[in-house]
Amino acid sequence: MHNLSHHLKDAPVSAWIGILIVIFYAVLALGAPFFAPFAESASVGKQYMPWASPHYLGTDALGRDVLSRLIYGARNTVGIALVTTALAFTLGATFGLLAATIGGWFDAISSRVVDVLMAIPPLIFALLILTITGTSVIALILVIAILDSTRVFRLSRAVAQGILTMDYIEVARMRGEGMFWLIRKEVLPNAAAPLIAEFGLRFCFVFLFISALSFLGLGIQPPTADWGGMVRESAKLISFANFATFQTATFGLAPLLPAGAIALLTIGVNLVVDWVLHMSSGLKE
Amino acid sequence: MNPILSIILKRLLIGFVTLWIVTIIIFAAIELLPGDIATEMLGQAATEESLAAFREKFDLNRPVHERYFSWLGGAITGDFGISLANQRPISELIGYRVGNTFFLAGYAAAIAVPIAVVSGMLAALYNGSVFDRVLSSSTLAAISFPEFFIAYILILIFSVGLGWFPSLANVDVEMGLGERLYRTFLPAMTLTLIVLAYMMRMTRAAILNLLALPYIEMAHLKGIKRWRVIAVHALPNALAPIINVIALNLAYLIVGVVLVEVVFVYPGLGQILVDAVSNRDVTVVQAACLIFAATYILLNLLADILSIIANPRLLHPR
């Protein structure tokens, strides 16, 4: 704990900006019902109301409050992306570490499977699978988690292989320690920093991927508020925008608000990841 | 045998085996549909005769492996069977769209590749300059911004604000090249912005790695002029990684096209793929996925092979 606060004090400005952005989103997502002025999918006014109190960001085509939907969107989109990344990580890291530790046929088979899965572009693969399963949140999470776990597999396998050549592993093996002890006590602690940074990167990828699918109408389904879906719903408005007055200019901003919310969080996470990577490479020196 | 030839043959073999496995996965998609396709498509109320006619039409009575080979044979010759949803031949539905998609990706590549390679080289040569730092931070934006964010910003500025370009890229077959280039300018720009930063970053890294090698330092120490070191000593070795970067990004473009097509309502393969997924029109999804995946795999294969061929160390074995 002392170590962490020490690092935080030395963190560059960019890392602080990233941390603040991530905390801001986390607070919004956790406290969504508290911050949002209206309910997630209730019709609370006329359609396309201007940006004025009590609807500070106007209303959408169904008269739902845009600000409230943006806030609930943080909870839904980020929540689903987090669950997916965690699942992808559990899957990929388990198989990656096992493949590196067991080696032999297990390594060969799982590496070939991953090669084939990675040969197909993820978006195309996801669309193929979603055609079969239909669009549901469970299917979405499982498909993306499996596709994304291939990248985690590659990384954790490579990192673990590097660690397994170390002398202390040899010593532990001669002492007669079992495989799971090796993974838990020797490999995992040493692989933590690159894996944590990878978690951030994978989260960004998954988050953008889910938003893209929702934007295509194949991800999180309405009436659940979700940023990708909100971009899709408000995209038509952009052609009615003109910069003559503030109120007509806001039409142009309608799809940019949720899209910008996606972009800002990804930037924040990337800034933190850069810092973690920098720190972990610095510690090794 | 020439070592370079055997390496290339091995890569080709791996590439085609991968492609073959991928065709099996894509074909298997239709088999994995829960329940019977005929009842699924025609509904529970369908009569026995119409179900039988449907099965006959889509060739569902033959064993799986026979259908796989006839599907694969058809796909190679450009015949993908008929659409489940509207029962029209798929080649008719996607024929001109495939061309449109490749046109858009090619257009974006034609803008992005020269800019990326030249500015990536400049960034490497002037490592640490303001230009170099701007480049690094723009890469962060490029990885963070979703494709549609860039697309809508461009629409808002160039279409709604300035009125220079149309926001919908509706092209048709009779349209001349100039008109086509004009209408597809914004989608091409979006794709360019998405891949540009990656390509510049990767080119820069490839050249920086090279410039740090001892033989470059040796050339400098011999007193050779700076441009000659770069053109004669560095460039031949940098060619392989740069070609690799270009091919990998072209592969990425082919997939990035899907979202951009939807934003700009561009009549390409990506749009019909998305429509087919929401209609659960499996045969059309299979055809589109096969085309996208095959292009992606072949471009990756090309990247591998070109970088082997362009590697001076492999070309002149001792």
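Each Cβ is built from the backbone N, Cα and C atoms, and glycine gets one as well.
The transmembrane segment annotation in TrEMBL covers A:15-39 (among others). Non-local neighbours of the transmembrane segment (A:15-39) in the same chain are 54-56, 64-65, 67-68, 71-72, 74-75, 78-79, 264-265, 267-272, 274-275; each lies 6+ residues outside the stretch with a CB under 8 Å from one of its CB atoms.
Taken from TrEMBL, the feature domain 'ABC transmembrane type-1' applies to A:74-277.
The list of residues near the transmembrane segment (A:78-103) in space but at least 6 beyond its ends in sequence, with Cβ under 8 angstroms from a Cβ of it, reads 25, 29, 110-111, 137, 140-142, 144-146, 148-157, 160-161, 164, 179, 182-183, 187-188, 191, 195, 199, 202-203, 206-207, 210, 220, 265. Positions annotated as transmembrane segment by TrEMBL: A:78-103 (among others).
Here the transmembrane segment (A:123-147) has long-range neighbours at 80, 83-85, 87-88, 91, 117, 206, 209-210, 212-213, 218-221, meaning same-chain residues at least 6 beyond its ends whose C-beta is under 8 angstroms from one of its own. Taken from TrEMBL, the feature transmembrane segment covers A:123-147 (among others).
Under the heading transmembrane segment, TrEMBL lists A:199-220 (among others).
Feature annotation from TrEMBL assigns transmembrane segment to A:256-277 (among others).
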